[in-house]
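Copied over from Swiss-Prot, here are the features:
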- Ile64, Gly65, Asp86, Lys87, Thr94, Trp95, Asp106, Val107, Tyr112, Val156, Met494: FAD binding site (BINDING)
- Arg379: site 'Transition state stabilizer' (SITE)
Amino acid sequence: MVDIEAVRAKYREERDKRVQADGGRQYLSAQGEFAHYADDPHAKPIERAPVSDEVDVTIIGAGIGGLLLGARLREACAFDTIRLVDKAGDVGGTWYWNRFPGLRCDVESYVYMPLLEELGRLPSEKYATGAEIFEHCQAIARTYDLYDEALLQTSVTELSWDEDSSRWLVRTDRGDLVRSRFVAMAIGSLHRPKLPSIPGTEAFQGHSFHTSRWDFAYTGGDISGGLEKLGDKRVGIVGTGATAVQCIPHLAESAAHLYVFQRTPSTVSVRNNRPTDPGWAAGLEPGWQQRRMDNFHALTSGVDQDVDLVQDGWTEITSKLAAILPKSAADADPKDIGTAVELADFHKMEELRKRVDAIVHDKDTADALKPYYRLFCKRPCFHDGYLDTYNRPNVTLVDTQGRGVERLTPTSVVAGGREYPVDCLIFASGYESEFGVPYTNRTGFSIVGRDGIRLSEKWAEGARTFHGLQVNGFPNCFILSKAQSGLHVNVPYMLNEQSKHVAYILKAVQQRGRQVVEASATGEKEWVETILRLANRNLDFTESCTPGLFNNEGNPRNVAILNSSYGGGSVGFVNILKRWREADDLADLELREG
């Protein structure tokens with residue numbers, strides 16, 4: 001019999017160790033004296049003359065979201081010029097920036113990598129490498145002619161709406177002035193690295209870099225490992241999240257000694273990767289990927305399906321939850337359902353903690369690697385070699401008891417009052433969060449709509465949108481983000497749904513012979529009311545979680561509720577968009593001549 005109160009008490013104890021009053025301020029942006037941590041190590045700077053022209057659509061962001069939107073617009077609309085603008089040296093977004101050793105997707109490749117069927121491609125493994133995903137992004141850009149008009153190594157500095165011409169004026173750090181009928185922002189959330197705010201960081205004299213800007217010139221090797229230049233180096237890595245879980249085994253194989261500085265352990269389940277089966281691939285029928293994506297989306301959202309097409313760690317979690325729920329859940333007391341969910345969560349977490357004991361030999365190290373929180377407080381990890389790494393004699397886990405690193409000296413890391421000399425320090429500290437950093441801060445540029453209103457002013461108290469995609473006062477402008485939209489573990493799935501929806505709207509605008517489309521004030525108001533009505537469903541859960549990305553470092557109530565994702569679940573959100581399109585009346589949108 002599980003003592004649920006004892007479990008809750010243990011989780012609270014571990015959470016309280018880690019809560020800091022300054023919340024998200026315990027991190028630094030890669031700006032000012034730390035700007036070099038965000039430099040592009042993958043491309044040589046290019047020189048070009050400023051561009052001054054007019055295009056149909058400007059998409060800011062050339063990651064998976066921008067590529068999907070460009071592809072869906074090519075399929076649906078008669079646009080001559082679709083322009084991608086990105087500060088990176090190529091398309092790919094997070095898969096351009098992140099090239100650390102061991103990098104793979106943690107969602108099955110066949111549902112994660114979009115447009116496989118359209119391109120006639122299949123990944124080589126169930127969980128593809130970052131290099132393969134990056135190459136697939138490049139293939140999307142080539143297939144849909146998105147390279148031709150692209151402005152890469154270019155950062156937007158301002159978007160402003162010109163009412164007289166019904167055009168957006170797009171200004172960049174290259175001196176460009178682009179007049180665009182429509183603009184869309186597909187900024188993403190994994191492109192602005194953040195650093196832990198550790199005293200002495202600026203004085204550290206060893207080599208250091210962020211995992212999203214991996215320095216292979218220093219480490220040697222490539223994305224597959226083989227970091228031969230670390231053979232005589234003492235290496236420290238700060239962080240044990242999803243990135244660190246993948247690169248730590250490769251660092252351990254190559255470094256003279258590796259120190260892993262841990263605040264909070266991750267859950268690490270079996271990955272069970274394998275090559276793509278040629279026989280299975282040969283039997284795929286038209287529409288296979290959309291069916292597989294829909295199946296995975298439904299199962300991982302708690303919607304029962306006749307068959308599990310993916311059969312991975314994500315869907316296994318869901319099946320265990322379904323097995324413990326009351327059989328007549330529709331008629332059950334919500335409190336009983338909540339308790340059943342909590343028990344299912346506990347049993348899964350116990351299974352993961354026992355896995356640590358079964359693999360890690362040293363008891364103290366094993367105990368430090370055991371996660372004590374609800375499963376989805378942090379993104380679950382899947383890896384078949386991470387835990388074994390701690391059995392190596394050249395690896396030391398420095399568990400900071402939830403407090404983090406104390407300070408850096410010119411030559412060492414200080415944690416728990418002890419000094420650890422290192423030659424190289426790697427920050428696996430993640431990115432500026434969509435949950436804790438205002439959207440207009442993360443874009444890095446100002447957005448000025450009709451009558452001179454700035455998006456930063458309109459969203460001062462939180463986002464205000466229609467379906468998370470359009471904003472009243474900002475005509476012909478679309479935003480792909482998590483705010484007031486659907487949220488799911490398979491991010492490209494939701495980006496694809498958003499992209500199809502935007503493409504539908506713009507095709508309808510073209511078919512109706514109109515030039516301008518804008519969310520109505522009424523439509524925006526009613527959607528905001530919907531967001532507010534559903535926003536607090538998960539607040540108690542997120543508040544109980546260990547500090548991290550999903551709860552603003554333990555302070556979820558300090559995040560504007562208006563920045564929440566749609567509280568009715570991602571399946572519900574996708575169905576709302578689908579029903580809206582099926583009505584074919586463009587409800588709550590205003591169309592007019594330019």
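Even glycines carry a Cβ here, placed using N, Cα and C.
These figures come from a predicted structure and were not determined experimentally.
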Inter-residue C-alpha distance, Arg379 (site 'Transition state stabilizer') and Met494 (FAD binding site) (nearest angstrom): 17
In the chain carrying Ile64 (FAD binding site), residues 6 or more apart in sequence that have Cβ under 8 angstroms from it: Gly92, Gly93, Thr94, Trp95, Pro114, Cys137, Gly188, Val491, Pro492, Leu495
Proximal but sequence-remote residues of the same chain as Tyr112 (FAD binding site) (Cβ under 8 Å, at least 6 apart): Cys105, Ala128, Ile133, Asn490, Pro492
CB contacts for Thr94 (FAD binding site) [other CB atoms within 10 A, all chains]: 21
Cβ neighbours of Asp106 (FAD binding site) where a neighbour is any other Cβ within 10 Å: 20
Cβ neighbour count (within 10 Å, all chains shown) around Asp86 (FAD binding site): 26
For FAD, whose listed binding residues are Ile64, Gly65, Asp86, Lys87, Thr94, Trp95, Asp106, Val107, Tyr112, Val156, Met494, the greatest C-alpha pairwise distance in Å: 31
